[in-house]
Structures are given as structure tokens and as C-alpha cells.
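Quick look at what TrEMBL lists:
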type	residues	note
ACT_SITE	CYS236	active site, nucleophile
BINDING	CYS126, CYS127, CYS209, CYS212	[4Fe-4S] cluster binding site
DOMAIN	50-214	domain 'Phosphoadenosine phosphosulphate reductase'
Amino acid sequence: MQYEDQNIFNQKLTDDFLDRLNSELEAAGPSQVLFWGYHTFGTDMVLGTGFGPSGMFLIYRLWEMGIKIPIFYLDTHLLFDETYALKERIEKRFNLTITRVSTDLSLGQQAERFGQELWKTDPNRCCHLRKVLPLRNYLSEKKAWITGLRRAQSKDRRNTQFVEWDPENEVVKINPLANWTGREVWNYIESKELPYNPLHDEGYPSIGCIPCTSVVDAESKDERRGRWKGLDKTECGIHHPTQKNNIE
Ligand code: SF4
């Protein structure tokens, strides 16, 4: 690959550089993107996952390719039991320890400071406190993070590139599955018999915190339907800034 011997930090991350890199990676496939990331950043690159299907693919491919980098998840204290159980299952099956990244603010303290059930009254602030700030803190000592973002997931994500500069966290963001569809990811999971969250079989296409995740009817095309149902909110803020990202 043309760029594999170049140190990205000796380059200015210009639009031109990223355009050329992304255009080359468009046909490369997710494994090549992971290889490029590891070659460039080594263990300063981390994988963040919420244990959705894309995350399962990435955990498996890294394991199969023998790439040992830190893997983390954001624990808001509000995840489903099935999600915590899946994490344990993955750790056992792949002999991994997945890092828990979380806020020091307990749910009780949050309720005292901002009112009960902040996810109902001000979900952007809730996500900011429980996801955006802990992530920023964790990534402050890293150089790159891998995500499971895909263009096909939603309108918000349709411009996802393989390699992007993440200005909120001041790291490079790597999205190896940017041009994959949900069906392609599921086909892979089924063909390799990888573990996945059993809630997907109960009508949850996308799984996050309990209060903000709903069952949906099978007709809707948006893969992230069921998140913040009924609210004018489609992202938590870790990938696309929300209005509250400036609140500290
Ligand atoms: Fe709070 Fe809901 Fe965001 Fe979870 S997804 S941090 S409960 S607003």
C-alpha cells in the first residue's frame, strides 16, 4: 500500500493527504485498513466498541490477524445485562481484557446535580457527561481510535471516511467498515459463528443504554432506529457533536 511506510505524524493531515489515502483505502477492505492503522500507530491505536455487530467483526479480525491493541467500551452504568454478559463472553473466547471507560459521576450524583432521569429531560447533557467526556479523557493519551462507523447506518454517517481527523478528541479516527452494509457485517458474523448481543434477535437493531434503546418494527431502513425513539436526537455526540458538547 502506497502509504504504509509513511508516518502520518510527519505529514500534515491536509484534506489532500486524507483524500488520497481514503481513495486508496476505498477498495482495500477492512483488514487492510486495520493493518494500515496498526502499521502507522501500533498500540497507540485503540478499538472502541459498544459490542454491536460491527464491533464484533473488528474484535474478531484484530484477534485473527494477531493485532494486539487496547479494546475499550464506554460504560454509562446504564447498559443492558445482555451487553455486559456479551463482553464477558468475548473476553473468555478471545482471551482478552476489555477496558472499561466510565465517568466518576454516579447516577445518584447526576440526579442530585441535574435532576432525576436526565436522559428524559436533557439527553444531550446526559450523553455528554456519561460518554463524551470519559471518551475524551481516555483518548487524550492515544493517537488513533478505531470505530465501527459505517455509511449505511444512517444519514448522519453517510460521509464516513476510512481515516479522519477527530477534532473533538484530537486523534485520528479509523473506520475500517465505512463502506460495508449491515447485511455484509451480519453475513460475516453468521459465517464465522461469532457471538453477538441476543437482544438483536428480539427486535433491537442498535443497542445502547437501557432508557434510550427501543424495539422497532422490522420495516424501517435506518439501522439506528430505536435509539432515542421519539426524541430529536440521533447521535450521542462521540461521533457527531451535539449542542451540549461544549458543556463541561
Ligand atoms: Fe444518557 Fe441515554 Fe445518552 Fe445513555 S444514551 S448516556 S442514558 S442520554
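Quick reminder: no glycine exception, Cβ is built from N, Cα and C everywhere.
Positions of the features from TrEMBL, shown on the structure.
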| residue | record | DSSP class |
| --- | --- | --- |
| CYS126 | [4Fe-4S] cluster binding site | helix |
| CYS209 | [4Fe-4S] cluster binding site | strand |
| CYS236 | active site, nucleophile | coil |
Practice item. Specify the count of other C-beta atoms within 10 Å of the C-beta of CYS236 (active site, nucleophile). Key: 25
Exercise for review: Quick one: of the binding-site residues CYS126, CYS127, CYS209, which has its CA closest to the CA of CYS236 (active site, nucleophile)?
Suggested key: CYS127
**Study point:** Residue with minimal Cβ packing [other Cβ atoms within 10 Å] among the binding-site residues CYS127, CYS212
**Key:** CYS212
Point to revise | Count of other CB atoms lying within 10 Å of the CB belonging to CYS209 ([4Fe-4S] cluster binding site) | key: 23
Exercise for review: Take every residue in the domain 'Phosphoadenosine phosphosulphate reductase' (50-214), average their pLDDT values, and give the whole-number result.
Suggested key: 96
Check your understanding: Non-local Cβ contacts of CYS126 ([4Fe-4S] cluster binding site) (under 8 Å, 6 or more apart, same chain)?
Key -> GLN110, PHE114, LEU118, TRP119
